[in-house]
Amino acid sequence: MKIRIDIPHHPYDIQIEKGCLAQAGQWLRELWQPQKVVIVTDNHVASLYAEKVKLSLEDAGFQVAVFDFLEGEERKNLTTVQKVYEFLVKQGLTRSDGIVALGGGVVGDLAGFVASTYMRGIHFVQIPTSLTAQVDSSIGGKTGVNTPFAKNMVGTFAQPDGVLIDPLVLETLGKRELIEGMGEVIKYGLIEDPELWALLTELDGSVESILEHAETLIEHSCQVKRKMVVEDELDNGVRLYLNFGHTIGHAIEATAGYGKVMHGEAVAMGMVQISKVAEKKGLMPAGITQSITDMCQKFGLPVDYENWDVDKLYQALTHDKKARGNTLKLVLVPELGSATIHPVSLEEMKDYLVK
């Protein structure tokens, strides 16, 4: 299946197909002329797929080198970026060459940031290998790295030339790594797609059910992301809906120490906490918090953060990228399948951190 991201200045396709990783070279040959390519990946994904993708690209006429770094959110920083820059220089990459981001969200965010800043921007594509990356982070052109202050605090908007999604690679994910991706999938059902929510309701929450329906879950999620990115590429309007659960979620990730709490886990806890307070304030319908909690728990996602520290979380929130002056744009769900922006002051945001 192809999904067109029809952005006027940089349209591209998301290709979703079981087994398509083996045809990565042919796919890239349709996008780029043969040239130098660097595959950026982490050491875990490299051990599984780097050689397979490298050979496919070489068979298509590309000159290929591989850069891998230690896996983990804690490696998504400017230190790693500098190492990639140095590798690109040693490989002699020019502005006519490109980067292939092969991995999960950490790899995609970092590789995209490198591509958008090296020589003021070179071409790149995304080949996401985690569920979170396949349904969310590989699409839409947000790149970035973390700082000690906040998640993704340094970044750019830079669209890839294409996204290649092979649902079969999810079979090599660990259980926790697969399940955390469901945090984003559940979010899509809540903010935009009642049909997706209905499907999630039917599934039994097992790993087997996720893998069996992975292609459908990915397609639904990508369609929601496509709609919002095309309408609001630079994150000033409806694209903000995609941040449901992320305001508190990112704060949890930052205060826990990057890598301790996975992104989808933090999003799940963020959605539950925001909904609980918003429901009490009459801003979300009665019972929705329980529905979200039940759905997250069915798939094995955490709904409560054991190291909850209001002061530390609030400090992290002050660095949120959605902040404008002293106001945060909080995303709420007034009814299933619909989202809205609710501006709150940073001071009022403290209410949403109270258990």
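Cβ atoms here come from the backbone N, Cα and C positions, even for glycine.
In Swiss-Prot this protein carries:
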- 71-76, 105-109, 129-130, LYS142, LYS151: NAD(+) binding site (BINDING)
- GLU184, HIS246, HIS263: Zn(2+) binding site (BINDING)
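Here the features listed in Swiss-Prot are placed on the structure.
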| residue | record | DSSP class |
| --- | --- | --- |
| GLU71 | NAD(+) binding site | coil |
| GLY105 | NAD(+) binding site | helix |
| SER130 | NAD(+) binding site | coil |
| LYS151 | NAD(+) binding site | coil |
| GLU184 | Zn(2+) binding site | helix |
| HIS246 | Zn(2+) binding site | helix |
| HIS263 | Zn(2+) binding site | helix |
Other residues near the Zn(2+) site, CB within 8 A of the CB centroid of GLU184, HIS246, HIS263? THR132, ASP136, GLY183, LYS187, GLY245, GLY249, GLY264, ALA266, VAL267
Within the chain of HIS246 (Zn(2+) binding site), which residues six or more apart in sequence place their C-beta under 8 angstroms from its C-beta? VAL267, GLY270, VAL331
Under 8 Å Cβ-Cβ from ARG75 (NAD(+) binding site), six or more apart in the same chain: what's there? ASP42, PHE69, VAL106
Measuring Cα to Cα, how many Å separate GLU73 (NAD(+) binding site) from HIS263 (Zn(2+) binding site)? 9
HIS263 (Zn(2+) binding site) and GLY105 (NAD(+) binding site), distance between Cα atoms, whole Å: 9
When a 10 Å sphere is centred on the Cβ of GLY105 (NAD(+) binding site), how many other Cβ atoms does it contain? 25
